[in-house]
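I have placed the structure first, in the form of structure tokens, so that the comments after it can refer back to it.
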Amino acid sequence: MPVTSVYQKDKPFGARLNLSPFECLKIEKHSGGADALEFISNKYDALTQVLSRADILKIACHDCAAHALQAVLDYEQVFRQRGFARADIIKITGNGGGAQALKAVVVHGPTLNECGFSQADIVRIADNIGGAQALKAVLEHGPTLNERDYSGADIVKIAGNGGGARALKAVVMHGPTLCESGYSGADIVKIASNGGGAQALEAVAMHGSTLCERGYCRTDIAKIAGNGGGAQALKAIVMHGPTLCERGYSRTDIVKIADNNGGAQALKAVFEHGPALTQAGRSNEDIVNMAARTGAAGQIRKMAAQLSGRQ
């Protein structure tokens, strides 16, 4: 349904909602932000019947928010009739692509219920960027995954992330090969259940055999891959692992560094700046403890720069 928009010359957009200049700016900086402010001004009475001021702000602070707000007006009654709470509507709509996600819940929700998914499951899947595609992917790939002994809970866990649709498709594509390579269904779910899960599964399929040949166990590989940026971390081990081992780091050390969000960057930082830190008296154990933290790459670079400045 098209977004209704009538310019009101006598009232600044957002004035009826008492938006501060900062709040207006927060909305305007998004794609379609001016349209969102105009829509709020024009549809103030209808919006405030179903949404609080905080709800409207939350939805409006995303790209294409006018369409999302219109979708709330279009579908709110249907959602209530199907047992969804207002909080569910806000969760689904408060993401990029919220309008499409709401429509997808209306279209696919009944079928998903028939397949055994609860309202809470549907909200969890839809409440992400790309939620509409993820709901459709559950319908498309769910039966195949069930036949392969993945539970409904597994499917929701995989689908309920940014990029969930791609992750489900990747499980269908790479799952059989990974199982033949010795990974369990639980391993595959763990790897897939992250933003970037599809890329992580592909990276395991691509680099897993090389890493196993170098002495890394599948448990280590699944553990590393099951983090945000897991695909990059596995590739970083393939690239930098041999050199780090030559410098006295053990595989356990490398896994410890890689097994974090930002693990790839941390490994690269140790590879590039480790020698300088060693020359300054830091032991490998010190460097590993420093690197095995989220955001460690920046800290290592900063420390190396400080040491360089003293020379």
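Numbering starts at 1 and runs along the chain as it is shown here.
The backbone N, Cα and C atoms fix where each Cβ goes, and this holds for glycine too.
Residues or ranges marked as repeat 'Cryptic repeat -1' in Swiss-Prot (evidence: an author's statement): 19-50. As annotated by Swiss-Prot, repeat 'Cryptic repeat 0' applies to 51-83. Under the heading repeat 'Core repeat 1', Swiss-Prot lists 84-116. Per Swiss-Prot, repeat 'Core repeat 2' is recorded for 117-149. Swiss-Prot lists 150-182 with the feature repeat 'Core repeat 3', giving an author's statement as the kind of evidence. Annotation source Swiss-Prot lists repeat 'Core repeat 4' at 183-215, citing an author's statement. Per Swiss-Prot, repeat 'Core repeat 5' is recorded for 216-248. Summarising the annotation, Swiss-Prot assigns repeat 'Core repeat 6' to 249-281. The repeat 'Cryptic repeat +1' feature in Swiss-Prot is assigned to 282-311.
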Helix-strand-coil residue split for the repeat 'Cryptic repeat 0' (51-83), DSSP-based: 25 helix, 0 strand, 8 coil
Folded-back contacts onto the repeat 'Core repeat 1' (84-116), same chain, C-beta under 8 angstroms, at least six residues removed: 50-51, 55, 58-59, 62-65, 67-72, 75-76, 78, 122-123, 126-132, 135-136, 138-139, 142, 152
Segment confidence, the repeat 'Cryptic repeat +1' (282-311), expressed as mean pLDDT: 88
Residues of the parent chain within Cβ reach of the repeat 'Core repeat 2' (117-149), under 8 Å, 6 or more residues beyond its termini: 82-84, 88, 91-92, 95-98, 100-105, 108-109, 111, 155-156, 159-165, 168-169, 171-172, 175-176, 185
Spatial neighbours of the repeat 'Cryptic repeat +1' (282-311) far in sequence, C-beta under 8 Å, 6+ residues away: 247-249, 253, 256-257, 259-262, 265-270, 272-274, 276
Chain residues in Cβ proximity to the repeat 'Core repeat 5' (216-248) (below 8 Å; excluding those fewer than six residues from its ends, i.e. six or more beyond): 181-183, 187, 190-191, 193-196, 199-204, 207-208, 210, 254-255, 258-264, 267-268, 270-271, 274-275, 278, 284
